[in-house]
């Protein structure tokens with residue numbers, strides 16, 4: 001039964017990532033793949049926030065954690081797309097954009113997770 005919760009969350013997370021990425025790149029431009037940046041930052045924040053709520057503050061069942069944490073957020077965020085897009089920027093010789101892209105995905109996502117944890121503990 002747990003696999004169904006993960007699968008349902010993954011289905012919704014993948015669809016959400018597709019639309020957030022698509023429309024972010026349309027509205028914000030494509031010099032840096034900002035769709036991937038947005039899903040990774042928001043996903044990191046949400047996971048940090050929900051981790052504290054589900055472990056420290058609320059009594060949340062395993063199935064909900066699997067649905068949201070492993071399924072939805074696992075499919076919503078993407079390290080593999082970030083890796084390929086980063087390499088593509090480097091191979092195109094757009095080193096500054098690649099560096100900004102790396103910082104946004106790695107550093108800002110970690111800061112977002114920290115901020116989510118911090119806010120949930122208030």
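Every residue, even glycine, has its Cβ placed from backbone N, Cα and C.
Just so you know, TrEMBL annotations never went through curation; they're auto-generated.
Around the Cβ of residue 74 (Na(+) binding site), 18 further Cβ atoms fall within 10 Å across all displayed protein chains. Secondary structure at residue 74 (Na(+) binding site), as computed by DSSP, is helix. For 74, 77, the entry in TrEMBL reads Na(+) binding site.
Among the features that TrEMBL reports, transmembrane segment is placed at 32-54 (among others).
Distant neighbours of the transmembrane segment (66-87): 2, 5-14, 16-17, 20, 33, 36, 39-40, 43-44, 46-47, 50-51, 54, 98, 101-102, 105; these residues of the same chain sit at least 6 beyond its ends, with a Cβ under 8 Å from one of its Cβ atoms. Here TrEMBL flags 66-87 (among others) as transmembrane segment.
According to TrEMBL, the feature transmembrane segment maps to 99-120 (among others).
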